[in-house]
Amino acid sequence: MVEQKGNILMKRYEIGKLLGQGSFAKVYHGRNIKNSQSVAIKVIDKEKILKCELMDQIRREISVMNLVRHPCIVQLYEVMATKTKIYFILEYVKGGELFNKVRRGRLKEEVARKYFQQLISAIDFCHSRGVYHRDLKPENLLLDENRNLKISDFGLSALAECKRQDGLLHTTCGTPAYVAPEVINRKGYDGAKADVWACGVILYVLLAGYLPFQDKNVINMYKKICKAEFKWPSWFSSDIRKLLRRILDPNPATRISVSEIMEDPWFRVGLNSDLLNKTIPTDKVDKVVHVDMDSTFGNLSNNINEGKQEAENLTSLNAFDIISLSSGFDLSAMFEDENSKEESKFTSTNTATTITKKLEDVAKNLRLKFLKKNGGLLKMEGSKPGRKGVMSINAEIFQITPDFHLVEFTKINGDTLEYQKVKQEMRPALKDIVWAWQGEQPQPQSLNEQS
């Protein structure tokens, strides 16, 4: 169905005016026909999220919103689906974004503290359930009719089960100005500590009316973030400065935790004791939404070709990932030591299938074992041990757009000189699929010129 004002969705909800839209979804005001309750209806296009490999992200968003049912978090009431659309029926928060309030000027200290207390309470609740938001910013903080805070947009959230064996998260997420130094570093990071950093940036913004880390040059901004280089507004009290110093600590190991923030004297002024409870009264939240994932998402994979099926397994890059992976913007050199693994990258206008086939052919010609892994990860291994064991190279394909990919080589094991030799032999053999090696000028070819 085409969503228009006055349409009835599955005989249960009346669709009202359009509230907002993005690349993959539109959000409408809605009304529950049975009880006249106002709701927000998020309409997601199945085909678009399938093409951009966001199906798992949508599934995760449903799972996360069921885990974090808290008065300061936007509630998910129901999930419905047709053959082409997925519908999230959400709590309607009519007070607008906290960002719009800050845009008119900085907040009074007691008002900023109230919102910060509610934010920390909700984040503490999320973390206690193994959920990390990873995209906290004023634009994702809404206000209800009573001017209470509601966290929204769990699309980038990570579950504790998404951690690797080292107990850390490894996917770069978030909005650059609010991202923690260790996330920019592109090493593993603690999701809880990264959320704490973002909360600190938000508190600064609420009290100052502007960001702590600003620069027209994004690289300079990242350097400031990594060094926690910012200035104190004259109106910041000593108690606020003391707390923010501990939150905006560039070292996650010594950065203050959520539980420590909740014990801070400035934080506890006028604190509502209900916010300290991880167990929320059942009358303040709605029941858990039970979703049949198979019927909601359907078997869409049968409707796509082999090339798209392969693309579904790739890692998708958001804008921050692309900046981080780009040679001109990669700040990892600021942190890595001489013993870090060697990497090289190239971009390609070919499909993932074509890139994989070419890499397999080149590996065979160089007498390397070739193995396909999940998530667009390919592995090449030498046939016999060298000075430092068997050389092992990972080649990972990232999708930037459906027609544009980034391939990253990483030496996992073996002798560096042997790796450099193999890499030099691979470069001319890969020329047919390489648009540009990172750090070099691209070939004079537009993305539209590919055959």
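Note that Cβ sites are derived from N, Cα and C of the backbone, with glycine treated the same way.
Annotated in Swiss-Prot:
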- D135: active site, proton acceptor (ACT_SITE)
- L19, G20, Q21, G22, S23, F24, A25, K26, V27, K42: ATP binding site (BINDING)
- 13-267: domain 'Protein kinase' (DOMAIN)
- 304-336: domain 'NAF' (DOMAIN)
- 153-182: region 'Activation loop' (REGION)
- 341-370: region 'PPI' (REGION)
Point to revise | Cα-Cα distance linking D135 (active site, proton acceptor) and Q21 (ATP binding site), given in Å to the nearest integer | key: 18
Practice item. Provide the number of Cβ atoms within 10 Å of the Cβ of A25 (ATP binding site), excluding the reference atom itself. Key: 19
Study note, to complete from the structure: CA pair the residue listed as 'active site, proton acceptor' / V27 (ATP binding site), Å rounded to integer, equals 19
Revision key, fill the gap. Across the region 'PPI' (341-370), DSSP labelling yields 14 helix, 8 strand, 8 coil
Study note, to complete from the structure: DSSP, reduced to three states, assigns D135 (active site, proton acceptor) to coil
Check your understanding: In sequence order, which residues at least six apart in the same chain have a CB under 8 Å from the CB of L19 (ATP binding site)?
Key -> V27, Y28, H29, A40
